[in-house]
Each structure stands twice: as C-alpha cells, then as structure tokens.
C-alpha cells in the first residue's frame, strides 16, 4: 500500500493519506472487519450502492477462517484461490481489459456501483493488466513529457479525484477505466511513498512482479481507496489497511523509489504497513528489494515517532494504535527493527494446528508433573544442598521426549508452551501481540491484544531515551511460581528453512530479545550490516554474535542483581530433531518396522533397537552385514543436532536448559547417545516417553538412566540406556474422529484402550484415501494425485497462488482426501497434518503391496481394502510440475524459492526420467496453467529443461549472488551419471571447480593442483563477468558453456582448439577433484563404504570429511592435539577411527573413534605412536600399528568396549623401529603387518598367534622409511594376495596361501620409496593391444580391437595403486590367471602426477559404491586429489594413439632414419648420429617380468611444454612448437626418447604430426623454411638443428662455437623474397639468423651449416631476431642494453659488421633506456627488450608517405618495453644501406625516425608480439597470462610525427660502442582501454604467431602451461 491513503484537491504535501476528512477512528479494526475474519464462507451481507439505482444485493468479499485443520486460510479474509476468484494470480483468463488503448473519459452518466461494505476496499485490487491500462490512460491524459514528472500525489489530485468526482467513487469501481475482470481481491499489497514519481511506482511494481501472471492482483491505495473526504467510504477504506495486508496472500511489495526524494523508511504509514505485514505473513511476506546495506540503515534509523506524516490526525491515529497494541512506540520500534534485522521464522502455523489437535483430543489430559519436577530440580537440589551444607549436585540439563511416529511429541510441545503450560507464561500472549508471526504464541497479529506490563518489569532504553517495557513477570499455576523464559523452534522435514542452523539461531535470538531486555539491547548494539551479511556457512560466527555473547552478557547482568534475578532459567525447546535428518536417511520403512515392533518389545522387556548391529558384541565372530549395500550416514548430517551439541550446549550451563523431542532413530539411532555424550557431564539426561505426560498413558517401567562415566570422552553404553517405552499413537484419536465424520464405520475394537499403534494410523489413512479416490472422477483423481505429488516434492510449504499457477488451485485443494483436515491452509500456504502422513503417501503403496501389515488394523474396510482404490503417488511428478513452471515463468525475475530449488527439482526429475519413462507420462498433464507453462518453452523433457536453465548465465549469476551456489552444486551432484547430459555434467564440474577449487573443491578442468588460476577461483560468481570468466578457465574448449561465456563477456575472439588436443582442453580431466585438505601434509585417507564421503587427515591434526558429490567440506572433527597419521571407516559406515602419531613426535599418541552420524568422539584409546590402523570386517575389532618406547607396537582393540585385547609381538629391530602398516584380511580371520625390520608378518586375528615365518621384503637399509622398510601392506579383495610398498621403490607381491612371491616379481617404476599401496576393483580396463596395433588401427590398418581380444579373458583382475617419494601415483593392472599361465601379471597403465610433495596415502572408492571407480591420493602439499579411473584409462589410450600416430605417420615406409650430419662453426665434421627418438616414451623401468613373465609396457609420460616458441608453416597447415622442458638427459642424440622435443601438429585437426627429439636441453626457438619443408630449432644445448618434417628426422646439426654462453635463444629463416644488395641477387631461404647467448647474431647457411657473419653490438644475450618481409633488414634485441639493432643484410650475408655484406644501420632505444645505457657500466636498468616484430610490408604501405617499394616509404618495427608498453618505430625506406656512406650516413639519417608508445594493458612484462598479415591486429602476450589484441589503424594511429631521435651506435667490430642518447621524453601512446583480452592460458604466455595470409585469420599462442592455443574471431567486430 502506499504511504498515503487518500488525497484531497489542493494538497500541498505529497505524503498524506487523507485530507478534508474526519479524524480517523483509533480502532484498528471495525466490527465488520472482525466479522469478515471470523465468519466462515462469505463475509455476510453487505450492500453496493449504485449511482443510478438501489443496492444490488451483492456481497462484499468474504473469506473462511482456519478451522481445525480446515482447508481455509487461518487469517480469514477473502481468499481468491479457495473461492475460485478469477482475479487471483493464475486464475482463469478473461478476454476483457486490454492493457493499452485509446483514452476513455468518464461519460456523463455511467453505471457506477459503489460498494458500501465496511471492508469494500479489500476487493478493489487491480490486475497487472489493469495497471498497465491505467498507466496508458494517465499518460495520454497528461501527455508524455508532463507524465514523467508526476508524483503519486499529482496523479491522485489531478486525475483520480477528477475522473471519480461525478460519482464520489473509487477509481477501481469505474468500468470506463477498468474492466470488472481486472478488479479483485489483492495478492500483493503495494507500499510506497507518495512523493515519489508515479511512473517509478508502476515500473517498480511491474519489474518486481515480472514473473507474475497478468491476472495477478495488486492493491494500490490511490485506486482502491475512495479519495473523497466528504463520503463515509474514505474512513472505512483507511481503517481497513491491516485487513488488506492480511488478505494479500503474497505479502507486501515495498517500492523504495527515489529515497533521496522520499524514503519510505521515514514515512509513518509505510512503517505501519510493514509492521502489519511482518505480523501477518512473517519476514518472508515483506518483499523488500534492497541491498543488505540499505536494510542495515533501515534497522539503525527506523523510528515511528520521528516518521513523517502529512496530517497530525493521521500521525495520532498511527501512534495511538501502536501504543494500544504494543504498549509503547519504543516497543514497536524494537520489534520491527528486530524483525528486519533477524528475519525470524514463523511458528504460528505449528502452534495453532497443534493446539487445535489438543482441543480435538478432548479425552487427553496432560500430566505435567515430570516436566515440572525437572524444571524445579536445580532449585530443589540447591536448597537441599544448602540445608545439608554440601555442594549442589549437577542438575539434568536436558529433557528428551522420545517416541515413535505420531505419538504426540509435537502436540505435547505446543501444549507445554501454551499459556498455563509448564513452559508458558503471560509473556506468551505479550510476545504474540508483538511478534506472533515469528514467535508463535497464540498466533495473533502484531496488532492483537496485548497484556499490560506487570509492575516492576525490567525495561530497556532506546537511543532516544524512552523507556520500553519488555518483560512482564510470568504467572504461577503449574509452574509453581518459578521464573523462566522459554523459546522454541519446530523443525519440519518438508521445510528446508526450518533446518538451516543460522535461521534457527536468528529465530531463537528474536524470541529471547522480546523476553530479555538486556539481550535485546545487546542485539541492537550490533553492527546491523555484519548481521545481515551472515551466510549459511557462518553458523559459528552467527552463534557467537547473536546468542553466545548477548546471552552471556545478559546472564552476567542478572547475576549482578541476584536478589532481583529474573529469569532463573532459560529453556530452549527444539521439537522434532529427527526431521532434520538428511532426506535419504529418513527411512520410513525402517521406522515403521521399529514402530510396529514397539508393543512386542515392551511386552518382552527388550530395549528399542538402536542400530542394525545392536548386540553384535556378543560371543564373537564376524557378523554378516544385513544388507550388501551399506549406506553410511552423512557425518553430522543432522544440522540441528550438530547445532545443539556443538554450539547451543556452550550457552551458560547453570542458566540455559533444553527440552528436545525426537524419534529414537534420529541421526542413525545416535541421537540419544549424542545427547548423553554432550550433556551427561551436567547430570543425567532425563528421558521421557509421550505416554508419561498423559494421565491415561500406559505406565512406563523406564527408570532414570545411569550417568555415564566419562574419562575425557563420554563413554555411553547404549545397551544400558533405558528403553523407549511403547507409546500410544496419539494422532489416532484425531484421525479416528475424522473417519467417523466421513462415515467410515468399523473402527477396530479396543482402539481407545491405549493400544493405538502406527498400524492403526496407517490403516485409517488408507481407508480415508481409498474412500476419497473412489468418489473422484478420472480428472479429479488425476488432479488430486498430481497435487499430492507436488506437496511431497516441495522443499518449503507452497502458497495457494503458486499451486493455482500449476493448475492445482482451489478445486484440487478441496478434493484432497480428509475433508480439509489432513491437508490444511495457514497464511495461504498448504501444509500436511503430520510427517507420518507424508511418509504414508510417499511409500505407502509399495509397502501395502509388499507388506499388508496394517490393512484393516485401524479400521475395517469392505472388500480387499483401500490400497487398491487409489494410485501410487510419485513425487518425481511433483518435481517436474514445479520445475516446469519455474523454468518457464520465473527465470527472468526468480523468486527466492526458484533460486534455491529450481535446479533441485529439475535434477530430481532428470534422475527419475533416466530410470523410467513414467515420470514423463505422468507429468505431461497440461490442464489449466500448466498448459500455458509448457507452451512457453521448448524444453519438453527434464534433461532439456535442466540444460536450458544451466545455459542461462543470467539466472546462474542470480543463484550465486543469492548464496545458493552450494545448493545448485549439491543438486547436480546428487544426479546419477546416467542422468547427466553434457551440459549438466559440464556445469557440475565447472561450478564445483570454480566454487571449491583449491580451497575445498573441484579441480577438474585446468586446476589440477589448485595453484594455477587461484585468483580466478577466488572470485565470487555473483556477477556475470566473474561467472563467465570462470567458465573460460575451468571448462574444456569443447564445452557448450564456452560459447555462452564468450557471448556474456561480449568477447569476439574465442579459443578454437588447444594443442596438444587432450584433456583438460578437449574434455574434462580425469582429475575430478582437487581438495585443499590440510595446511600441511595429508597423511591419511578413508572412503565411506558407500563412496559418498571421503575423510582426510594430516599434520595439522584436523580430520575433515568431504562430500564427493559437491567437493565441499561437510564436517570437521576436532579433538586430536597432534598430527593425524591414520584413518579408517568402519565397514558398516557408522564409525570413523583416527590415529595420531609419528610425524617427528608431534602426534598425541591416541586413537579416537568417532560416531559418523553425529561426528562426536565416542572413545579415546591410548595406543602409542600410531601410524596405521584397520577395522575388522565386523566393525568392532580394531588393529593399530606404530611404535612405543620398546619398539614396534601392534595392538588389538574392542572398539565397543574401548579395551585393548592384547599386543602382537614379533617385529624386531631397535627401540625406534616402527610397525608402519597393518591390514585386516577380507574374511576377518587374519592380520598382516609390515615394519621397519623389512618383514611382512601374518597373524591369527582370534588368537594373536603369528602365522608362518615372516616374509622378507629385502635386507633393511638405512633411513626412516627407506631402504628395506615395509611402509604399507594391503590385501587383495579376494584375500589371495598381499602387496607391500617397500623403501627401495619396489612393490612386492606374495601369494598368501603359500607365502611365495608372485611370478611377476617386484613391480618397479617408482624412483623413491613406495609409501602406500591399495587394491581396488571394478571399472574399465586399459586396452591390451600393443601401441603399434593401436596406431595401425588409427591409420586405417589392422583392427586394434582384434589385437586386444587375442589374449584369453583373465580369471581375476584388480587394480593396484601406489605412491611414494617420487610424487607420482602409479596405477597397475593386476591379472591373475591371464594368458593361460595361472600366474600373476601386473603392468603399470598410468602415472598420475600433480602432487608437489611425497604421496603418503592412496585409497580406492569402494567397488560397491558406484560404477564410477575412483582413486584418491593425499600428499605432502596438503592436497587430496581424486581421479576417475575410467577417464584415466581413456586418456592413456588417447595418448598412446596420439603418440603412436606421431611416431609412425611419416616414417617413410618404415625405413630406418638416416643419421644427420653434425656441423660445427668450423665446418662439416663427422659426428655421432642424433636420430630422433620414438615418441613412445617409457616412464620408467617398467614392470619387470620374473620367472618368464613378460615385461609390460609402461605408460607414456611426455612433458611437451612450456611452448616458448610457436610458428605456422608457410601454407598454414602445420604448427610447430618449441619445448623448454622434457625428459632430460640423453646427450645430443636423445637416445631412447630422452631430450626436449619440437612438436608439429595439424592446425585444423589438432592431430600430432611429429615429436622431433634431438635437443638435449631446452628448445628456445623454431622457424620454418620458406618452402615449408624444413624446420630449424635452437636451444640451450648450443646447437641448431634442421629437420626434414616429412621424413621426421634431423638432417643437419650445427654447433656454433659460442662463448661464454652457448644458448641459442632465437632462430629466424630468411624470407624467400630476399632483397638485393649492391645489385646482386640473393636466393630466398638462404640464411638462418641466430640470436646467441654471447651477445652476437650469427648468420648460418642452412644447407651446409657454414657460419657466415657474426654481428656484435648488443650487451648481453640476443633474445630475439626477426627478418623484414623482404629479407633486406634483420632486427635483433638484447637482454641487457634494452636496445633494438637493425641490420642491413645484402646478398648471402658474408662478412662481419662494417663489411659490404652486413652492417648495423640503426640502434633503437627509448630515451630512458638510451640515457641509462650511457652510464659508466654500460648496463641498462630500465628493462629488457625481449621481443621484436616487423609490420608486414603490405600493411606499412598504407602509412602516409609509404610507397610499398622503396623511395619515400617507411618501414615499421614493434618492440616491447617496460610496464606493458609496446613501441612502434618508423624507419625511412632509404635506411636500407643503399646510400652507402657507412657510419656517418647512418647517423645522418637518424633525424627521420618516428616512435610511438602504445599501452597494451598488460599488468606484467610483454613477452611476445605479432602483427596479423594485413596489419590490422597487433597481438601481445605476457606474464599476466593473457593475450591482448590492439586494433591498430596504421593511417590514424601511426601518422603522428613525434620528435624522437633513435640512438645510432658506431659499430667498430667489437662489443659495440655506447649509443648517443636521443632527445625528448617518452611519447604518450594510446591507452590500453581498447585492447581485447583473450583469457584461457593458466600460466605465462611466451610466444605468438598469426596464421599466414589466405587462412582463417587465426592466432596461435604458446604458453608455460604447456599448451598452444588457437584463437579465432567468432562474432562481428566489437
């Protein structure tokens, strides 16, 4: 609503509600308003007065009050959905009401009907379509120019009042203005300030509701309120504001407008409207589209007394109502500020429903004595202790009400909180008056009745000094006069908001602030901005800020005033902890089975089963798991329980106590032990059953539980805990009453005798559903089923309007089974009566068909029972229906629900669709609005819809900006692999990498180690620029996300391909996750049995648990005080064991056992210096290995009892010889251990006796973990083989039965100690065909599959992983029985690199977990890396194919390669052949076959980068790159493949053509011959090599005699169009120029290898040489002199400088560099000039004065300079040496030089430059990892005459004389703002090359990230 209700003519102020009217009465609600809210059905008769006739007898809008569970809104009012009102959002469409049209002025006589009902304004909202029409009418009335300046007041006074004056009516009542179909009950109330522009108001409403249907109705005061003060209607309309807010189901839309002109936060009416909204709808109902900063400012400045109001009577009315309802304006301000600050949850729906149930169960009487006794216990104990002169014992701090489904736990909670209950007080009523929506209370509105503050109540002072009454004293009664404050939180499994810890904290803080003045004062002193910036992950910070510190301060204040201390205790009630369990762990079937077993268990006196392995610690022997598929609980999966035990438990223990209700099965049946472990130290945890609080309950035999005896860690004996008494299912009474109302006779005899069970409840549910569906038509049954599916799929309670949009409106709601009692409406949202109802609907059909245990249990049903009368409800249908609507209607302006859950719904539907087609069949209904939704999008399948959403970067940006990125990743990660499309899989990998990469997440894509690109991954993804840039770095080039990222960045250039074409560029890397797991070394890993979680530990002592779907750290378990060295997950998934030891004595020498579900430590075992541990298969026995004072220590433990069963002696050695590893056999009968004595020993697990003699790994060598130490032992999955990692770098295998070594012998390959080994199974296997066969198949020859199939299938096949000090993880393919020999054959199939330190641990994902086999490794760099083995195999096969192709494609028919001639500077000489090696490089010594076993091929491990030089072949078909790293060694020939390669690829396909080995050190430069047949390369091995590319061989090796440095930094082949010198002709391609490390440029004959001229002059190495396009000029640049020298080369380049053949004609330096060069040392500190490039001659011809040939033309040269600057040098064409004259002539020509500086924008040094062939683009690259393109117009950019004179050096044939400095300063160049930035490289970019003219205009860039990228222009030039 607006901040003004009406406006009179002649108004002088814009912010008024009423003018020229009577004073507004101080009643906030008229009797008629109360009648409308409290009357069922229509609001009662009212009349409408026609301007031309009598009343028409119509009724004013009415509504239904929420009766007990009825399908009507609890707030009453005319609800459009239940009435089927067409004006509601999503209602049926109407033909009238065009949004635009000609102006229709009011006719002289119009049939205007004035609604004279007291609350008539409630039905005068306007549809969005009608609002558009009104805007057009008003614009046409005033004209466009004047219209844009009008305020809301202007429009009201000059248009609304004018057109309605003849009838004294509301604007919404004039049919000439609005079609009647565009007027109705509002869904949104619009709050605005009148001084703002009218167009701003309309535009803001339409923008915020852009996703709403045109039929959505909004209430805007200027149209809905009668604006004539001389009528009685205006007073009524203004008095009904709060009623309008109440019926507006969607809440209030706040239009802030121009806050400088009129800030709604300073307007009294706006503040009043917001308060009414918060009281009615809660914080979710206030749609306030402002930033956190603006909200914080509102919290700080809000004050209703200081708020502006035009009329004094208006302000008096507002303040009077505020005081009447809230006691004071200060209290009102405080409550509203708290609401805006904390945005608390609403519990009114819970309190109302549960209290109504209590009233309906009229036979239930509560017995509060046990609860009262618990509340009084502290004072009673203190009094008794004082009387006895002793210390008071610790009182029980927790009361837990534990019972099964539907036993009345939540009902009891509500009754206890009610007024008169043990936890209730008169304060409840006062709190309800102030914040009923948030606190529950009686459910009253903010303006409801309030109790007056009791005398002496503490008060707080506001900033203005006014006293605010905050705390009335509690009443006595059942509380015995005790002083307490109770706050509460109700958890709901169907409402994710209720499970978020931060929202729980905020809601509890809000309630405490309303009750405790000191607490409230502490909260309001907080930085509001800091509070509002808290995110979901800031639980600890939020707890400290909002609860811990304020409550501690409040507690201290009460202690200081002990005599008047109040309250004496604070009670926090948390209801339904079980409903916070992860959805997949809420297992209704198991709950049902346990619940059905309760009566029998109670009768037999047996305790409730706490877990599936309860009692397994009996007589011994490994137990067989009940199910082969173990599902491990999520560590700390119940966030509410974790909040209670980790944070809330730290609140002042002598003041804050807890009441908790739960099912016993919560947290994997660990909820009760968890509470004991947390609170047992404060006294026994009082455990009650619901029946013990009912006077007619079954007597319970439960005795007070014993207090656990903890020794630092609470040791809870579950068996000793009291049993949960069998409880009656209290809900049965209500449902039985409903059955009677529905006429379902035949209740089970004895149903009221206290023996009601869950079976009775489900039987009655079944009968109700069967009866309802039997009465439906086919269409009604389909709607009801669809609505049930939607309600089950919803993640939060859905509004009626939203359901209406889905085509499931009022009619479908009324049809739901139960007559409005099983499903009910509160505040326009639909709820299920009870969790048991959702469980029954969700899985009841399957259970009924399989186990008809409850059929007829509660009610006798005729025939075969109800189960055959209603269909199965599939929640995936609901997911699809919700998702389809959200995806089609809300992407542009998504609602909070859409941002949170759209992808969740789509992912769930896609997963179901991948498994069955029933979803699509069931979800294809297109009735109602659903049909319109489906026609708006082409995504007709879940997968297509999900892809479309994920490709909408605008939506994804909003998701990330709202903090919902983790939810999106979780939703995608939950999808099975088969359900993923390429888009969804890419989105998951990309988002996981970008959001969690390096700091806890994915490193697939480009970030294997978490270092490269860390700056990118550190950016938030809440902006389109950041989100799209992250795609560039994280996703493969082929990803469908890449084009969208380029489009979002408005980038016209993109990466076309990356060479070498392999992962992670062609596809996602096999490295699927890279987790920053520890600040120090990672020493231990353990997978959960189901493979969903991975635990890691390291030297920091932190145990972290990772969600493998998202890559996020889901839990951190603290307790160890030293380094972690061992981890193991129990086979049943319920426990984790961690050991701390070794690490240089930094371990705490304990083993801790953790309960997986709660994350709590259940035992701490003193086990010495623990290095390794292992669980027995029965999940009870535990073995630990390490060292103690006497040497190695091997211990066996009973984990359940926490006792040591004994030590296993046997390993020998010195006092510090450790046992490094222990492993339990798969059958549990034996143990294996390996130690520092170099032996492996076997032990009988039952007796502890050693089995057989020890197996010697080898003689022990020296050093810890080296020599012969056995560092790791592992059993094969079948128990037949044992593998040991040994300190000598070998892996040794033994057959366990015989103790004999495996026939294959030790597996060699690691170059350092093997620290870890692990077996795995499953997944794809590598191809067995030899590399030659693979290559032949690729070339169209032999079928590679045939070669692979030649070997017989193996009998048994496993994986073996190993890691060690060489930082490599090796994967071995181990086959037993392969080849027909019956032995063991092992081959290394992959070497996984990436770790930057020792690999300490490897672990395979359990085979039963998923078809995706993964291996994880932890290393000394603190990282955990996870590889997808299938992708590893695929990459290795592609690598073999690629390299085999490169080795064989040009072999010249298979003949041997000719030995090239070796040439030195002195001339030809015989030398050793330097033949290129095979591309099939071995990564080590290989798997050595022993005993006749063949040696296996080792995997390829080529390092082809960095690419410091890249060049195109003249025809543009091939690319060559020089590598500065390689496999090392190898001498000149690089025998065996050792050395540094030159790579050649096909440019279009990316296929490797050749890997040319020969250089024994880094290759610095490559260049093509002009004919494209040969390559020349130079490098650090002092040689230049000439290659025949077609033959793949080196034909010439040149060794110039260079001193002192032999490095060849640059080579350049002279172009074919060589210039003539002195009239002589020179043939093209006759010279190679080489820039050398000794400061000289050498000219070499590439045919003979003879060295011609040696050109001196540079100081330091010559880093780059480049020929002009005509071959006449050669430019060179040096490392230390910052100079570019230009040489004229005539003929064949014979002779030195100063001769006829070659001479220096220019020395080009920037002025600063030239001045520095003139210093005494001759060294330049200005910076290096490391790259030069000539402007293509054809491009330079266009420069003014240029002629393209000779004469008056000008040549242009570009060079780099410091600070990202590029300098362009212009040389006159006559500077080619033709004029003669030597040094003097050279100096004389210097005056014609031109120089211009261009700023590229690089943030580091520029390392390479390249001009496009046509001269348009100047490309640069550098240290900032980017390539930048400057679009240079030579005519404009270079046609500037700058007074810069190049320094010309006199060359004397020596080392070069100092150059003369130029004059003038550095010229100013164009800024780099126009440069295009090409992102993608992940390291320094070092080389550039343009595709030759006639090609596709591509640019190649070579980088230190070991890749060459090809860039192309994909869009029009921008």
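Quick reminder: no glycine exception, Cβ is built from N, Cα and C everywhere.
Please treat TrEMBL annotations as automatic predictions, because they have not gone through curation.
The region 'Disordered' feature in TrEMBL is assigned to 1-105, 442-481, 581-630, 1482-1510, 1770-1793. The compositional bias 'Polar residues' annotation in TrEMBL covers 19-30. Positions annotated as compositional bias 'Low complexity' by TrEMBL: 39-51, 447-476, 586-604, 1494-1503. Here TrEMBL flags 486-585 as domain 'Nephrocystin 3-like N-terminal'. What TrEMBL records for 1075-1116, 1117-1164, 1212-1253, 1263-1304, 1360-1374, 1392-1429, 1556-1597, 1655-1689, 1799-1833, 1878-1918 is repeat 'WD'. Per TrEMBL, compositional bias 'Gly residues' is recorded for 1484-1493. Annotation comment: TrEMBL describes 1771-1782 as compositional bias 'Acidic residues'.
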Taking the repeat 'WD' (1392-1429) as the first stretch and the repeat 'WD' (1075-1116) as the second, find out whether 3 or more Cβ pairs fall under 8 Å, excluding pairs closer than 6 in sequence.
yes
Summary of DSSP states over the repeat 'WD' (1392-1429), given as helix, strand and coil counts:
1 helix, 19 strand, 18 coil
Report the mean pLDDT of the predicted model across the repeat 'WD' (1117-1164), rounded to a whole number.
90
Taking residues 6+ outside the repeat 'WD' (1263-1304), which of them lie with a CB under 8 Å of any CB in it?
1220-1227, 1232-1236, 1238-1240, 1242, 1252-1253, 1255, 1257, 1310-1321, 1356, 1358, 1360, 1362, 1364, 1366, 1372, 1374, 1376, 1381, 1383-1386, 1407, 1487, 1489-1493
Which residue counts does DSSP yield for the domain 'Nephrocystin 3-like N-terminal' (486-585) in the helix, strand and coil classes, in that order?
64 helix, 12 strand, 24 coil
Composition by DSSP (helix, strand, coil) of residues within the repeat 'WD' (1655-1689):
0 helix, 19 strand, 16 coil
By DSSP, what is the split of the repeat 'WD' (1878-1918) into helix, strand and coil residues?
0 helix, 18 strand, 23 coil
